[in-house]
Amino acid sequence: MRNHRTSIFVVLSLVIILNGQSGFLPRAGAESKVHIVYLGEKQHDDPEFVTESHHRMLWSLLGSKEEAHGSMVHSFRHGFSGFAAKLTESQAKKIADLPEVVHVIPDRFYKPATTRTWDYLGLSPTNPKNLLNQTNMGEQMIIGIIDSGVWPESEVFNDNEIGPVPSHWKGGCESGEDFNSSHCNKKLIGAKYFINAFLATHESFNSSESLDFISPRGYNGHGTHVATIAGGSYVPNTSYKGLAGGTVRGGAPRARIAVYKTCWYLDLDIAACSSADILKAMDEAIHDGVDVLSLSLGFEPLYPETDVRDGIATGAFHAVLKGITVVCAAGNAGPAAQTVGNTAPWILTVAATTLDRSFVTPMTLGNNKVILGQAIYTGTEVGFTSLVYPENPGNSNESFSGTCERLLINSNRTMAGKVVLCFTESPYSISVTRAAHYVKRAGGLGVIIAGQPGNVLRPCLDDFPCVAVDYELGTYILFYIRSNGSPVVKIQPSRTLIGQPVGTKVASFSSRGPNPISAAILKPDIAAPGVSILAATTTNTTFNDRGFIFLSGTSMATPTISGIVALLKALHPDWSPAAIRSAIVTTAWRTDPFGEQIFAEGSPRKPADPFDYGGGLVNPEKATKPGLVYDLGLEDYVLYMCSVGYNETSISQLVGKGTVCSYPKPSVLDFNLPSITIPNLKEEVTLPRTLTNVGPLESVYRVAVEPPLGTQVTVTPETLVFNSTTKRVSFKVSVSTTHKINTGYYFGSLTWSDSLHNVTIPLSVRTQLLPYYYDEN
């Protein structure tokens, strides 16, 4: 029997992905480790034939069938061709030299990165003519979730009033530990797990002490949580101990969910997801017939490499060519620049914002001043109690006074029976846990943590009052303590505040652009709510209330977009993944739903720009009728690959047909994205874009430009005319600079408008008069 222990740290590990720490990655064996041998587009429709060809290739390398069989980890045979195998470095180099091999990718490990969201985004079921009801809530769509598994008993997987399984579904439910096919129904229609590559590196995982279930069942609730957000069924009367009350539902509440488990728990607080297992899951999902793939996973940006060595990007490319939109998390390494992950231009990459909701926690000081902090505190009121600031706690160094991290060395006499104020430079998610533990252990009754906004709230163990404020409010409280002989404070339980005056912000943890791999490709693409999202979890998870929990991260924003993509695909089944992305990006809000400026949380807080949120905050209803789209097909992706230096042989194998790159090499600026990013402007640059009409046949659009500061932007022609015979029209954009020095990025926009639609793309331009120059001054 496995020991399925529960710990707060398990929850914390999945709230934030891409935290920049890779120390948990296992060391490879002395002789061999898992490599992905990628062969490009499959050359045969019979999957058994494809797999046999993989074994023959490995046999020819290793010299015997037995060694080939023992080395093989996965065969990719549906969406594309390739395999994962345990190889030494010399074997990997030898097989990489074979002409039929596109490239060999060393296995790497990724990490896993509601009641209000959908009303906030204007996607309410009460409007009979909106996107939800026009698509029957996505009933014929299948959303593939590649994550940490699922808790099938959750109410969000009920199949009440849902019709038969869509006819294009070809997948199934695999049995395993505490999971069998009876756990699937007309909502949860598929469940598989992929562990071979993980086990190749973590052979001891099979021991009885392993936390996780070797099956589609998830030990931690991360996979269940993201599945809820994307396509969970209606569950009324939910809340977290009275906070955020309402009905939990997914973006496409009647869509079907197929779960592909690739993430496994190594320890109480660590999960790892092998890129080879992820790639195998994507291959199976393509075969099974999913319409959308949602991956709340990521890795630090692969700075020295291109997307050819990124397993998710490789699988996503083949999925997109087969009409499947792939939605991925931007990552949680913000607010620093150039931290965005999942940067391949065929992936829809998602940043995270707050909602128009907060959990205010009133604190009344002895001078009757009420401070509204933030917390998820659902305990009883703490009546007027002594308030203390630990001055110089047991150390002669005054710089330690009042710091949350030094509360451990304070005497119990200072904090016992009191509420403690402390200051921190650490991320809130770390400091609050430590400070609450120290104060509670010393007999304190509550803690107020002053620090930089972190956008990550979670309750403290045993409903201990732990309230967050910023430095300004913390300093006010400190002045009150120092100016009063007997300072006191009263802490009331948290309350849910919705709507105005709560503003929308890009979360501080959300990873930022510019794109560190290919600067001319704007990332992230779009933003969606991802802060304090209430959704389902496993019942053994700390901080759950009746199987529901708050989590934050771009992990939560990603399935929000996945649910919207499912609805758009149901409404427009002929739209390509690129057309769907364009519709989402060009119709996004650049202000919040109340018309107010969206800010980006950071140091300092600033107005949000395209490197924070891409096109803006997703606007689902507007995306149904974008008017025009910036579409992409195979030829466009080939242009991109030629422009960034893929060799012709690799491109030919990747796309399954002979390819010759033009000379001179095309510019990546010509790639038909719903954005224009010019990272190195010196001389005037002219670049093309093509728009496809998906609105009224007879349409006339006129251009309006907001040029980035210090640039001149000219569009030719200034008017686009569409009719029954002209559905695609191209235009050119010329950009020049008036700056006399190297600059940072400035931002603007380009909008095509008729009487019904505004088709807006962001402009991001940096002047570089001295090219290839790093300015550290």
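Here the Cβ of each residue, glycine as well, is placed from N, Cα and C on the backbone.
When Asn484, Asn758 are compared with the annotations in Swiss-Prot, the one labelled N-linked glycosylation site turns out to be Asn758. For the domain 'Inhibitor I9' (34-111), DSSP puts the residue distribution at 31 helix, 26 strand, 21 coil. Counted within 10 Å of its Cβ, the other Cβ atoms near Asn540 (N-linked glycosylation site) come to 15, all protein chains included.
Taking the Cα of Asn758 (N-linked glycosylation site) as the reference point, the closest of the recorded positions Asn133, Ser555, Asn647 is Asn133. The recorded positions considered are Asn180, Asn237, Ser555, Asn647, Asn758; of these, Asn237 has the fewest other C-beta atoms within 10 angstroms of its C-beta.
Cα distances from Asn540 (N-linked glycosylation site) to the active-site residues Asp147, His222, Ser555 are smallest for His222.
Rounded to a whole number, the C-alpha distance linking Asn647 (N-linked glycosylation site) with Ser555 (active site, charge relay system) is 34 angstrom. Proximity of Asn723 (N-linked glycosylation site) to non-local residues of its own chain (separation of 6 or more, Cβ distance below 8 Å) is seen for Leu697, Glu698, given in sequence order. Within 10 Å (C-alpha to C-alpha) of His222 (active site, charge relay system) lie the following recorded positions from Asp147, Asn180, Asn237: Asp147.
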